[in-house]
C-alpha cells in the first residue's frame, strides 16, 4: 500500500509489517505472498483469454452462416478480422482511462467492472444474429476491460521487491491455461443441436447454434465476479484515492502503478532510446503474433479449394487448445533456463526468427491437402507449426525484461509499461483486420496463387527482426537511483 505523503509502500497491518521488517530484509528472506489475494487476481486474469479465445474456432463459420458476405466464402476473412480487431481497438482507447480510474476509486471496482463486461459481452455475442450485433458486443468487452494493467498494479500493491517476481510468475501460465480452455469451449460446445440432438432438442439451439460456448464462458466470468466480490480486498487506501497522479497537462502521462503517484513523467523524459527500442520490439512481436493468430483459425476453417484445410470448429478448438497445453508446459520448464544461459536478446531474436518459418507452413499444408487430402503429412506440419509457435512465445517474456529495464528510473516504471501496453493494443487492433483482409484479397485476386498474404508477412517478419539489433544482450543498464 502507499501513502499520499511520501509515495512509499505501507503495509496494511502489523503482521505484514513484521514480515517486511529490516531483520527479514537483512536475511534476504522473501516476504510470504498473500496467497488468497494473488489467487483471486489470477482467476480474474484467466477470464479474459477464455472469453477472447472462445470465439476463434467458430467465428469464421458464424460470419459465413449469418450471410454477412452474401454467400461469398472468399470475403469471410474481411468481416472475421474486423470482429477480432474491435476488442483490441476499443481496449487501446480506454486502457489508460481505466488505470486512472483505478487510482481514484480503487482497483476492485474497476476489476469487477471488467469481469462483468466480459460476461455481458459474451451473452450478447451468442445471441447476435447480425453483423452490427457482433460488432457492438465486441466493442463492449474492449471498452469495459482494462483488467490486465490493473491486475499488474494490484499485484505490485500486494508484493515488495523480495517477492514481486513470484507474484508475476504465474501470469503467463494462467494465460496459457486460458488459451487452452477458451478454444476447447468454443470448439466443443458449438452447434450442440448437431452434436447432441437427444439433449439439445429445443429449436433455440438451432437458431442460436453458437450461444452455448458463449454462455459457458459468460458463466465462468460470472462465477469469478462473485468470488472476487466476496474475497478480493482493496489495495488503494481511501485516504489516498483522488490524490493519485492525474494528467497535469498534454505533455505528461498518467502512471499506472500507484507507487509512481508522487511524480508526473514528462513525455520527452520518458521516451528515451532504450524505451523506444524496447516498445518498438514489443509492438513488432505483438503485431506479427496477433496477425498469425487471426489467420490460423481462418486458414483451418476455409475450404481446401480456397486455400485452407476445411476443418470443423470442434477440430479447430482441439488444435488451438493443444497449443495452450504445450506452451504452458514449455514456458514453465525451459524459459528461465534459456534466459540464464543465452540472455534475453538471443532468446528474443530466435523467437522472432520463427515467424519466418510459421507463415510459409500455411501454403505448404494447403498444397499437401490439395494433392492428398488431410494426410498424416498435413497433420505433421500442423504439429510442427504449433511447436514453432511455442518458441515464438518465449519472446514475450524477453520483451517484458527489456521494457522494464528501459525505464529511466523506478518512478517511471509504471508509465513505461503503460506506453508499451498501449502500443501493443494499437497494433493488435490493426493486425487481425489487416491479416484476414490480406488473406481474403490473396484468394480473391489469386496473389501468388492465393498465397500472397503469407509472402507479405514473411517479408515483414524479416524486416521486424532488424528492430531487435540495438537491444542489449541482457538488459538495459540504468544508473539512475530511485531517489534521483
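Keep in mind that glycine also has a Cβ here, set from the backbone N, Cα and C atoms.
Remember, TrEMBL labels are computer predictions, not curated facts.
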Among ranges 110-128, 129-147, 148-166, 243-261, whichever one TrEMBL labels transmembrane segment: 110-128
Correct range for transmembrane segment (source TrEMBL, candidates 167-190, 263-286, 287-310): 167-190
Region pair the transmembrane segment (110-128) / the transmembrane segment (210-232), three or more CB pairs under 8 Å: yes
Non-local residues, at least 6 beyond the ends, that sit with Cβ under 8 Å of the transmembrane segment (167-190): 33, 38, 42, 45-58, 61, 151-152, 155-156, 158-159, 209-210, 212-213, 216-217, 313-325, 327-328, 331-332, 396-397
Other parts of the chain folded back onto the transmembrane segment (419-441), taken as Cβ under 8 Å at six or more residues beyond its ends: 74-78, 80-82, 84-86, 88-89, 91-92, 95-96, 148-149, 253, 256, 270-271, 275, 278-279, 282-283, 286-288, 290-295, 298-299, 307, 403, 447, 452-453, 456-457
Top Cβ-contact partner of the transmembrane segment (315-335) among 79-98, 210-232, 377-407, 447-469 (pairs under 8 Å): 377-407
Folded-back contacts onto the transmembrane segment (447-469), same chain, C-beta under 8 angstroms, at least six residues removed: 277, 280-281, 284-285, 287-288, 291-292, 295, 306-307, 345, 348-349, 352-353, 355-356, 359-360, 362-363, 366, 435, 438-439, 441
Tertiary contacts of the transmembrane segment (377-407), as residues 6+ beyond its ends and Cβ separation under 8 Å: 172, 272, 274-275, 277-279, 281-282, 285, 289, 292, 309, 319, 322-323, 326-327, 330-331, 335, 338-339, 344-345, 347-348, 350-352, 354-355, 357-358, 361, 364-365, 368-369, 413, 415-417, 420, 471-472, 475-478
Other parts of the chain folded back onto the transmembrane segment (347-365), taken as Cβ under 8 Å at six or more residues beyond its ends: 281, 284-285, 288, 292, 295, 299, 307, 309, 338-339, 378, 381-382, 384-385, 388-389, 391-395, 398-399, 402, 451, 454, 457-458, 461-462, 464-465, 468, 471
Segment confidence, the domain 'Major facilitator superfamily (MFS) profile' (37-473), expressed as mean pLDDT: 82
